[in-house]
């Protein structure tokens, strides 16, 4: 490969340009700025001699076309001379296509982009909220249908979902809850020691785990584990046109895919939460027995005084609500997947982020509500 | 078309290729020469390893044994950078285009150019627009994402990307599968036009008997772990029952008839 070049020689009223070398895509980078800044002198016609061009590909031919266009715009006639045969073929192939290509539309710049983007995002958000509410309606009407015809409930699928989302989540949920109990007990006893109120560590652990931490952490873990799985499963089916196939066979995707997932999670998340509560209290017990030097029996006695049934119920009542939100968003985002692999990933991320966000906002609102009600 | 088979005309040469997956031998002592400037069609029954053969040539599948030499270079002896340079001289059109779904059609082409050249983005956009036009797509297709295109347009866009660096050799995996007869005929015409305009060598897997008749100079039939190459006229004389069935079956005969009448019409209108 030799570098592509051109050389200009001038007569009285005729300019000749000698082209040489390999005019191929990979080599054009040195040539392009030269052609764009080519000084155009007086004169009427320009002869382009291509005799020494070794090889030319379509990008090279495009560049030659650019050169001719520049010359012709300044009122010169251009003539190609001594074109080798393979080069002639490529030039004629490019000529008819180059005229067809149109320049790209002008892009917006500066502050306008900021406002346009903000507006677009806001409208998208409104759209999304509307879609989610519409989907909620679909799910409710499908559930009512199933309640009227219990024979259509898909128990196999329901149990499979419960196993996936519940049973298989036990190790991770247990471990994290146990550790949270340990951390609460340790930090609590450390701080309360200053007031000589170390024994209230048990109250802290009991109320903290039962009311907030147990359910909140379980819900976030499940959103990450199962909510994302729902989106990915349904989304992949969407990419594969399986959802469309189901519709044509007369299977309602809401009934067959969405409802088992939603009800499976609604049934299983309270159980997981109960398990998380117990594991959190065991973690608290392990730590308080070390720092407060209590026996297990003493811990349990204090726990009985510290925790009221109300604390436990406040935590448990949130479980089905959060489960419903996680599953609803997971399935909805799955059905929003368009026909590309990339959108499966995007919707999955969205599903986890939205579910976690809504859970925490709702948890904060419920905390305020319960404290006003004095539960 | 190059009729002589001197050493210079051979652009790709496979010698004694063996492909084996576990205990299953797919190709054994397979030898194939591809000539410069020809359109070679590859046919064969399901599971005879057409795609595997194509993937072996372009280096996506590691062969078990044998040598491949492309443009006179033995691919096993090349260093990585030499191999990459060689790859730039080959373009592949996958079955459904295999376009990057997160990029627009134009960006798909620019991405290839950006990787291998140091040209400014404005000129890359011009090159991309040219390739889009060469592939027979309307100019506004450049700004669209692959998911917004029809199957036929995705194939054209895939072809535009395969042509991004003006390769010497283009590999096509079932270019006309899934296209309607009119679209398929147009795609055949496109391949044949580009082949003459850009001086390409084309290797295509196809089951489309019309494509075989219309644009292929030679046809390779994968059979009994090897490949048998020849023109349609030569292959129809083969005694092998599969080849006979392929070209002499009802579809094969229909394609032969329609092609014969077409070329007759063409010659009579010329005279």
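Cβ from N, Cα, C; glycine included.
Automated prediction, rather than curation, is the source of TrEMBL annotations.
What TrEMBL lists as domain 'STAS' is A:46-91. Here TrEMBL flags A:167-187, A:199-223, A:262-292, A:312-331, A:352-373 as transmembrane segment.
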Taking DSSP states H, G and I as helix and E and B as strand, how many residues of the domain 'STAS' (A:46-91) are helix, strand and coil? 23 helix, 16 strand, 7 coil
Comparing A:199-223, A:262-292, A:312-331, A:352-373 for Cβ pairs under 8 Å with the transmembrane segment (A:167-187), the winner is A:262-292
Is the transmembrane segment (A:312-331) packed against any residues at least 6 beyond its ends, judged by a Cβ distance under 8 Å, and which are they? 132, 135-136, 139, 210-212, 214-215, 218-219, 222-223, 226-231, 234, 257-258, 261-262, 264-266, 268-270, 272-274, 277, 351, 354-355, 358-359, 362-363, 366, 370, 375
Which residues, given as numbers and ranges, are at least 6 beyond the ends of the transmembrane segment (A:199-223) yet have a Cβ under 8 Å from it? 165, 169, 172-173, 176-177, 180-181, 184-185, 188-189, 192, 265, 269, 272-273, 276-277, 280-281, 284, 288, 291-292, 299, 302-303, 306-307, 311-312, 314-316, 318-319, 322-323, 326, 330, 352, 355-356, 359-360, 363, 367
